[in-house]
């Protein structure tokens, strides 16, 4: 049973320390199992323990109690709050208007001998900047201190206040060493950096915004024999819809009349239009390019594929990679350490180098300002957001940042044969009759195979139905599946087995003639099913599946990257080896029973491998769950998709290679971001401490570090995954 969870929209967060405060206060609540907060999406996910009595209102109260805004995200409503940089822009403009006259006065006096502005004018200008645009930092700092934590707002508020108050003190004693312009310019540059940062952050969510805007607002629905335009939100399951050329398919469903070519590229990454005829499945938000067709709605609202894609992408963007958790821990201890360093810097300058209090305080202020951990907080989530969005555009749905991180570390990938290496469209290629009437044998086979949903059984049942036409099938009783072997039933009071040759061998039914016939088919890659009636093998059916055309190149690419590729199948060793040789796979696990698949994955993991499992069927689900990364191929069963960590929406194994490429490029981007974030602080703090950076330059550098990190993350949008 899955644990209950809620999503919350959270406002007022500025940096990694803010995220840490929210997570800290919520995680302390009795009954909360896990909490994840994302700075970029401004969303939080709270998971409760099974016996939890915590309500969403309790969580909201806890978050608002430390100075942030919080509301319960509306279930099933897909919206992305637009990044609004205008409040920051207006604050920055006001601060700049106050700071510019002081800076012009100071520069003019220094270079041209102009008279300085009167001290009282500078006081008025600095006061407006300090408690107008700068008030936002005081509010943030106060709420942080109330909750027992220290954030970027505390650093900025401390730095600007020191410069402002010390200038007032000097003014009162008649000193000309005033630093009003320092506090005003600090506020201006930090707010300017915030404006650039917010604009850049807005661009990181473009992929998700594009997905959310795909659904058409109006649908053509049949009402009382007439086509009526209604809002797509009002479409119900079972409604009959008409989709015209050039229009988007409104919801998921099935074509019941007409034919067309549908462009599915925005959802699956498939570049070529897909032909649709009667009984073809169509996906909401895809584009009907040519004809007109009528469809029946099967999935609407939050159940559509588009909604599920958006849900998965949002979940990935809210989750955290392990590398981010390290950054969060660093950020939590960073601010108090910096405050201590700033105090120490001022004391060393004053007592050790006989500097004036003004000079000592300015150096301490520079340390405070350069050290703001904004860039550190943005380093990982910006890359995760862009990376998961890029994956969605290519038909790769990554359920968590952890899996996006781990996919690049894979050194072994196990591919299920049927439906993954092969297309999964099985056909009977040959039949051999050994005993009894061929038509009677076909009838028995068809009656038994029609009772199960196994892909080979479905192919054989379809073949038999086509061969027999409208013939009456025999009555079947006592039907049961023998896992890994085949089917068993009673037909006309006789025990019947239908399945693998090795099963027939264990039952003692095989002879030399039958063994030769089986061997001939298996050596050319066919799967063989034998029919035994009353202990006598009567017939053989060879079933073949076409290998996906892209598989050999995919295998070669993975192996060239140092990844060990394995094929996992229940087929006999000869058939398995034939397919493996055909596609270039060097490692084969054959004759594996469904219940033993997960055991094979476990063996590889115990050997020290980081294992990815790719499958599409119900019996693949345990192995997908046990693997370090489970990949579900596009046409997989719901159970396989649910068990997987990454869903390859497009029915194309090239997306497997792309997902590994995406992971490696995203992790490289994150490391670059962390490098830039830490290098600014590692170099900036010592430079500020030894007096080589003024507070204004420090503020500019701090703002630039955040912009650099976000801009670097945006480079991922142009990454080539092929």
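Using the three backbone atoms N, Cα and C, a Cβ is placed for every residue, glycine included.
Caution: TrEMBL annotation is automatic and unverified by curators.
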Per TrEMBL record, range annotated transmembrane segment [choices 45-63, 64-82, 178-196, 197-215]: 178-196
Transmembrane segment according to TrEMBL, located in which of 119-138, 219-238: 119-138
Per TrEMBL, the range holding transmembrane segment, considering 286-307, 308-329, 330-351: 330-351
Range annotated as transmembrane segment in TrEMBL, from 89-113, 239-263: 89-113
Annotated stretch (transmembrane segment, per TrEMBL) among the listed ranges 12-34, 357-379: 357-379
Transmembrane segment range according to TrEMBL, out of 673-690, 691-708: 673-690
TrEMBL annotation of transmembrane segment - which of the ranges 150-172, 380-402 it falls on: 150-172
DSSP helix/strand/coil residue counts for the domain 'HMA' (4-71): 21 helix, 23 strand, 24 coil
Contact call for the transmembrane segment (119-138) against the transmembrane segment (178-196), three or more Cβ pairs under 8 Å: yes
Sequence-remote partners of the transmembrane segment (89-113) [C-beta within less than 8 Å, at least six residues beyond its ends]: 121-122, 125-126, 128-129, 132-134, 136, 180-181, 184-185, 187-188, 191-192, 194-195
Interface present between the transmembrane segment (330-351) and the transmembrane segment (150-172) (three or more C-beta pairs under 8 A): yes
Contact between the transmembrane segment (178-196) and the transmembrane segment (673-690) (at least 3 Cβ pairs under 8 Å, separation 6+): no
Within-chain partners of the transmembrane segment (330-351) [C-beta distance under 8 Å, separation at least 6 from its ends]: 15-17, 20, 150-152, 154-155, 158, 357, 359-361, 363-365, 367-368, 371, 373, 376-377, 685, 688-689, 691
